[in-house]
Amino acid sequence: MSAERLVNPHSDSDDQQVEKSLRPRTLSEFIGQEKVVEQLRIAIAAARGRNESLDHTLFYGPPGLGKTSLANVVANEMGAKIKITSGPAIERAGDLAAILTNLQANDVLFIDEVHRLNRAVEEVLYPAMEDFALDLVVGKGPGARSLRLNLPRFTVIGATTRLALLTSPLRDRFVAVHRLVFYSDDAMTEIVSRSARILGVPISPEGAREIGRRARGTPRIANRILRRVRDYAQVVADGAITLQVARDALAQLEIDELGLDENDRRLLRAIIELFNGGPVGLSTLAAALAEEVDAIEDVYEPFLLQLGFLQRTPRGRIATRRAYEHLGLPYPERTLPADDESGPQQATLF
């Protein structure tokens, strides 16, 4: 169910086609992530000035924030070709060897979900990143011998939503590590306005801001919502997205003022109504919602934690006072604060 949500930050096949047309090509076109962009600008200028390939770079952060877009921008700024793959797609060491031997000087190899590379593949990648060499074993048995094949200098750009799952040897081989954060409302408004121009959709500044501020600080979600609001404006209004049209469309899509959809509210209500506000274990909560544990951790929780609606404690998940207030539910006064280290206490009955 989470894969069908408008506010799901993960990409689907429909998104991928549209994202290509909306993707920035240069750092000057990239909106937001100012610190990362400035650091990349300096690194790229220095590498080009020395006529060298860019240092291996890692982007990490929640999905939908532009890690793939930045990799394409870096390749374009370096005047290099980019080869795009992902951790799960490289199943065997031979798959990676085939990719590496086809790279040209200064090419960029972008590995999405780099934390999902298996250990055998990582062992091949280590010397390739460090020494620009590919170690091969020729033959079998007693007659087997090792062969080192030199590779042209290239750049590996990795992307991950789970930095902690990267092995230390792999993480250490990335010279530059950049954290991408959720975007501000101003940046989101600018992104929506830019996407609307590219898609040929008339939109007012107020309409763009309304969509942007409800998109959970995530450009992928903003672009997805924009397409749905465009459809609404075309059928119900005169095709232009005004503030009122945006509000009406978002109400129909059940995306509230803070960017929560019905599934977010259902999760919070489950904690509050089924488990007395928590704490509740992740597996128990997933079973109650008929959701996967990974979906709750990766899709639902990051934004709810950012809003302060949810707490993670050693005893389980807890709905905060803010969550009660947002849902219009009375908050039970407790004998100890909800954020006490021992977790929430029994609600006061008398």
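Each Cβ is built from the backbone N, Cα and C atoms, and glycine gets one as well.
Lifted from Swiss-Prot, the feature list:
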- 1-183: region 'Large ATPase domain (RuvB-L)' (REGION)
- LEU22, ARG23, GLY64, LYS67, THR68, SER69, GLU130, ASP131, PHE132, ARG173, TYR183, ARG220: ATP binding site (BINDING)
- THR68: Mg(2+) binding site (BINDING)
- 184-254: region 'Small ATPAse domain (RuvB-S)' (REGION)
- 257-350: region 'Head domain (RuvB-H)' (REGION)
- ARG312, ARG317: DNA binding site (BINDING)
- 331-350: region 'Disordered' (REGION)
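Sequence features, as recorded in Swiss-Prot, placed on the structure.
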| residue | record | Cβ contacts under 8 Å, 6 or more apart |
| --- | --- | --- |
| LEU22 | ATP binding site | ARG194, SER195, ILE198, LEU199, ASN223 |
| THR68 | ATP binding site | ILE84, PHE110, ASP112, ALA159 |
| GLU130 | ATP binding site | ARG173 |
| PHE132 | ATP binding site | ASN150, LEU151, PRO152, ARG153, PHE154 |
| TYR183 | ATP binding site | ILE31, GLY32, GLN33, LEU65, ILE191, GLY217, THR218, PRO219 |
| ARG312 | DNA binding site | GLU301, LEU305 |
| ARG317 | DNA binding site | ILE271, GLY278, PRO279, VAL280, GLY281, LEU282, LEU285, GLU301, LEU310, GLN311 |
ARG312 (DNA binding site): secondary structure state under DSSP, collapsed to three categories: strand
Averaged pLDDT score, the region 'Small ATPAse domain (RuvB-S)' (184-254): 95
For the region 'Head domain (RuvB-H)' (257-350), the number of residues DSSP places in helix, strand and coil: 43 helix, 11 strand, 40 coil
Number of other Cβ atoms within 10 Å of the Cβ of GLY64 (ATP binding site) across all protein chains: 28
